[in-house]
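What follows is a single structure, written as structure tokens, with notes after it.
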């Protein structure tokens with residue numbers, strides 16, 4: 001027999017069950033949309049405590065739903081049925097970090113640093129609004145099919161903590177990811193979430209939690225008394241992991257230092273970030289994102305704004321993709337980096353001599369005027385083909401190509417200096433047909449939401465590329481007080497697949513760096 005909640009939400013099938021209830025796939029018959037509903041259940045509590053827990057559940061869910069942040073997944077509704085609260089949420093297709101590790105083993109340092117940076121960005125946004133998570137762990141980190149990294153259960157996690165004990169007297173939560181102060185009975189604080197982030201990062205690169213033992217009690221004792229097992233695969237992530245796992249919350253690494261350390265780790269991780277095979281579209285069941293912060297990336301580049309059917313900027317298109325080993329962001333101005341001279345891996349300039357300071361090293365070499373066309377590789381460049389076989393392109397030697405761990409994009413960065421290319425593609429079924437109109441729609445969304453500081457359009461021009469309609473969107477914006485100059489080419493291939501070639505550098509370097517974009521465009525070939 002079909003069941004409807006609040007006369008509106010038809011339950012279809014259970015998606016998962018945990019200590020706080022069951023999550024259902026459901027259909028909102030009023031608005032004709034798929035939703036997820038969490039049926040909150042309590043065990044071992046009396047009527048008086050049940051009423052109090054219901055009030056707190058509704059309060060927490062509403063508080064999480066009011067988080068005014070572009071990466072909050074919407075809580076649509078909170079209703080009470082049969083004396084219990086039901087939380088109606090957006091339905092998101094994703095895989096948990098725990099599932100990815102369980103099926104594919106430990107992640108690379110680069111992957112973990114990128115995901116950790118996005119998790120930290122979400123936690124910082126929540127902490128700034130007075131919201132604590134209290135249950136950060138791999139099972140609550142989702143890698144969404146649309147490219148986002150999201151943290152689940154902001155509202156419910158705090159409910160579990162406030163409920164205190166289960167019917168058997170055990171503390172609710174996973175002890176391997178609970179910080180020492182919470183196991184001592186102290187209230188949670190922002191530093192507590194940071195400790196759990198450190199434990200999650202440890203698990204991501206090592207494949208096991210830092211304090212995993214044979215029993216619940218042994219794990220708790222280890223967290224309270226022992227040092228974590230020395231990580232063997234953490235590499236450049238070791239300083240941030242150990243800093244976050246500091247037992248005393250007063251001495252624990254803070255959020256700002258952790259963010260900088262994650263950027264350094266990403267920059268030192270190497271030239272590529274191998275990617276796990278993506279799950280087949282439509283395969284598996286969606287995981288629900290409840291009171292979630294999806295991470296839009298404020299750590300480095302601006303949104304790629306690749307070609308999406310929704311007309312909204314893609315929230316997963318930014319993060320550590322353009323991090324440099326020194327700062328994780330483009331330099332503020334146009335300094336000449338220290339260098340001992342050109343290296344064999346830097347493209348040899350073949351165009352006019354640049355204006356401005358005389359180049360003294362690789363990062364200041366002028367962008368070459370392409371000496372080859374039709375996909376040929378100019379001197380000083382190398383051929384690159386993405387791991388999924390979607391495209392090939394010529395890249396300057398010494399630039400790093402990084403495949404996004406969950407989305408269809410590749411970032412190409414110049415270590416130690418501004419300059420980022422992001423190639424993004426999506427499924428042919430996306431409905432847009434006019435690239436210039438699509439860019440204008442995205443631009444309107446950016447203006448309406450105030451996504452970019454000091455945004456200024458230079459042009460949105462229709463053109464022809466590879467024999468197909470295309471459009472170039474050129475604009476400037478500010479990041480950390482620096483003017484960033486962007487050009488973004490959108491087009492469909494002959495096979496119908498949408499692509500975007502997004503290039504950015506500082507305004508101070510635009511004239512000398514624009515030649516890189518021209519070469520990228522001339523040598524790009526879809527497969």
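Glycine is treated like the rest: Cβ placed from N, Cα and C.
Bear in mind that TrEMBL entries carry predicted annotations, made automatically and left uncurated.
Taking TrEMBL as the reference, the stretch among 242-263, 264-285, 286-307, 308-329 described by the feature transmembrane segment is residues 286-307. There are 28 other CB atoms within 10 A of the CB of residue 38 (ATP binding site), with all protein chains counted. Note on the domain 'Protein kinase' (9-266): its mean pLDDT in the predicted model is 82.
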